[in-house]
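Okay, structure first, notes after.
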């Protein structure tokens, strides 16, 4: 009785825990027929039973709870019992055989790899503990019970009805090691799978990396700066522009057109000959001559041009020589500004305007 209580408690505790996982199997009822070994009936290795009383073959009843370890390998904890008559003893003599087993089974899927087949033959190997209780007949000098270790070997098949239910049939031989006798059982049951059968891992498919879609380069906005200088030289006491400098003034006008926000600072200078007042007016007149050329001939907005006369205050050469005085009679202009240009892919930005 104690053995059956342990087995029942183990299954009741394990069942709700196991049900949460795929591949858990429950066989709530195993029915079969056990054939008792004549060696046991005739006394076993120690002659514990007389040659007269015989254990009769009888109904096998059991239950099992298991788990699929792989798609082809499973393990089950099983409890079963056989209750039968003892012939040749006192009237009403009977025996009760109880077992608790741990069995591994391997299905044909190990070889065939046909995991969706409807019929799955299997082989079974396991071990456990058995106990016989006798009522109305003595077991020789050992009293009314015997127990020991057993080993199981069997063949069977799962007949799959659907993904959750299978009919199970099996032929099993049980070797009772302590008494050295065999029992043989033919059994059947309904096998229930909780959460679905285990499936083999899907093959890993290596997906080729997807090359990113090329993104067309976008146009870029760049800022171009303008830094330009102009030098115009004059004759003594003159403010008119010589023809040789007009192309240079035209270049300045062109850049002022290309850079709409550019401005020009125009400075007039003289040598040190003559009165200061005269040279102040002359230096400013020379600056205004360049400004007038830009405004009148090239339509440059006058507000973008500033002029100033410095007389002889900023010489760049020695006024004691003729050559030096010629260098000092000049206009010097600085033109500065910037513009934003859109550069297309593959196109180089224009180089900044060079100083003149």
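Glycine too: its Cβ is placed from the backbone N, Cα and C atoms.
A simple way to gauge crowding: the CB of residue 237 (meso-2,6-diaminopimelate binding site) has 12 other CB atoms within 10 angstroms, across all the protein chains here. Swiss-Prot lists 237, 271, 273, 279, 286 with the feature meso-2,6-diaminopimelate binding site.
According to Swiss-Prot, the feature domain 'OmpA-like' maps to 221-339.
According to Swiss-Prot, the feature signal peptide maps to 1-19.
Note: residue 273 (meso-2,6-diaminopimelate binding site) has non-local neighbours 236, 319, 325, i.e. same-chain residues 6+ apart with C-beta under 8 A of its own C-beta.
Other than the site residues 237, 271, 273, 279, 286, same-chain residues with C-beta atoms no more than 8 angstroms from the centre of those residues' C-beta atoms, the meso-2,6-diaminopimelate site, are 234, 236, 270, 274, 278, 282, 283, 312, 329.
Using DSSP to sort the residues of the domain 'OmpA-like' (221-339) gives these counts of helix, strand and coil: 49 helix, 35 strand, 35 coil. The maximal spread of the meso-2,6-diaminopimelate binding site, taken as the longest Cα to Cα distance among 237, 271, 273, 279, 286, is 16 Å.
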